[in-house]
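Student: If you scroll down you'll find the structure; I have some questions about it.
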Amino acid sequence: MSKLQTGLALCFSGLFFIISLLFIHPAEDAVILYEYSNTLANTGVISYGNIGTPIEGATDFLWMVAISLFHFVGINEYTASLMITSLSLYLLIKLLCKHNHLFFILIAMTITSFIYSAAFGFSSIVFSTIYLYCLQFYLQKKHKNMHLCILLLCLFRPDGVVWGASLVLLYQFENGFSLSKERLFVSLKYLIIPGGIYFLWRMYYFNELLPLPFYIKQHGTKELLLFSYSSLKDVAIVAIPMLIVISMSKNKRTIILITIIPILFYSSMTLSQNIGNRFIAPLFFGVLYLLHQEKNIKKYIYVLFVSILSAAITHRVINQIIYSKNENIFALSKNLNGINGRMLVTESGRLAYYSDWTVHDSWGLNTPQFSKKLIQPIDIKNGNYDLIVSHCYMDKIKNSIQNERSWNNQCTNILIAIKEMNYKMYLVPFYTESGSLLYKFKQLISPPKTNCNRYDIYSINPRSEKYQAIKTVLLQHQAITYNDTLSFKGGDTLCF
């Protein structure tokens, strides 16, 4: 890049950092990882919710470690994630600009959803940048560097295996279906053996074969045999434009072989919390990079098609950004800090991170005892929680104890326990009216037509010595008393 292009790329990355820091609160799932980073920095243990024992709910290992290092120089986890992402964003632009116009790349990033997921604190841009370096090393035939890069990708996020597998297989069978001892040795030395050592270490450290989220995601619904309908739609947003464009490309075989494993994998997974289609970001940027050497309009058509197909997702994630600073849970969680109670939550990010309570996650993403079986009322009774916070769809609640794993069955069992134990139930609005300048501007140009809000259930143990302190905090955040006559719209929304 020229000096002017470098300056513009740095300005774009810097603007991303400033806008994100000023106008956005991090997303729920991003904050889960911050809780692990904070705990690691403070205690030296990879754990969650002041439990104290090793727990592997955060699967992005190197992302967690990198963020935790900033703690020692007084930089909080969200700011640290934005700093790393901004640097990666610059490097990503630099990689893509080798054969593309800078403004085309900046427009491509702005009109698609992927950069916005990174603004919420996720690792999507950082992960995509590492992946593009792996692609670059593969194309340049720097095989040692490629293997080390894939190792970094796998340590960064476990699904790095999916993105790296195609490159390793292409390298191994580049000259036909006969394995070369020399090539096999390179893969063993720089990737498979060190990766295997890490896998064995994490099995020993966490005493689990797989990270807890993997046990949760295997229960997702597969409407189309091996594939999830919703995940297939998310993947198709990038895969369909890719297939259309590469049908006219001289590199179609290479592109298909590189992308086929990730496409099949993510189409079959339950992509929960896929904000801004973040799991598919490496596919979008990877294909754009692989098209970069073709001096024709294919890459422009590709970006145009992806932006059109992802318009609804992009619109939704921008709306989430605008409303993020209106989310009641941030201030509420911080006001709970200092009470030092025991809490059970269905949403396991902000409440654990900001309150600094002892927290159990009822869905099992961060609590091993609930990761392989559905939480039962007896578990809740034995937990002796001061506060239980649940996001439930009240029209889906059943009358009897459930055993089959689903979100609504989880809520059924929680509410049965709450009522049996006579917890005092409050409804707390998810959004408040005090938000960012972006929110105020949106309200000015497009006032809401109805006064509706999502309400979460906050249930206080009447026998807890912290009852009054917790109640005071809830009332400060517009809590109302729950009663069975309330009519919910969409299961979790009340309109007044």
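Yeah, the Cβs are placed from backbone N, Cα and C, and that goes for glycine too.
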Student: From the ranges 253-269, 423-439, pick the one that TrEMBL records as transmembrane segment.
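Tutor: Residues 253-269 are the ones TrEMBL records as transmembrane segment.
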Student: Which one of 7-28, 183-204 shows up in TrEMBL as transmembrane segment?
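Tutor: Among 7-28, 183-204, the range TrEMBL annotates as transmembrane segment is 183-204.
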Student: Would you call the transmembrane segment (300-318) and the transmembrane segment (224-246) in contact, using three or more Cβ pairs under 8 Å, pairs 6 or more apart in sequence?
Tutor: yes
Student: Are there 3 or more C-beta pairs under 8 Å linking the transmembrane segment (183-204) with the transmembrane segment (275-291), counting only pairs at least 6 apart in sequence?
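Tutor: When sequence-distant Cβ pairs are counted, the transmembrane segment (183-204) does not touch the transmembrane segment (275-291), since fewer than 3 lie under 8 Å.
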Student: Please report, as numbers and ranges, the same-chain residues at least 6 past the borders of the transmembrane segment (253-269) whose CB is under 8 Å from any CB of it.
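Tutor: Beyond its ends, the transmembrane segment (253-269) has Cβ neighbours at 135, 159, 162-163, 165-167, 170, 217, 220, 222, 226-228, 231-232, 234-235, 239, 242, 246, 279-280, 282-283, 286-287, 290-291.
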Student: Okay, the transmembrane segment (61-91) and the transmembrane segment (145-171): do they have at least three CB pairs under 8 Å, pairs separated by 6 or more?
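Tutor: Yes, the stretches contact each other.
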Student: What parts of the chain pack near the transmembrane segment (224-246), using Cβ distances under 8 Å and only residues at least 6 beyond its ends?
Tutor: 252, 255-256, 259, 263, 266-271, 274, 277, 279-280, 283-284, 287, 291, 298-299, 301-302, 305-306, 309-310, 313
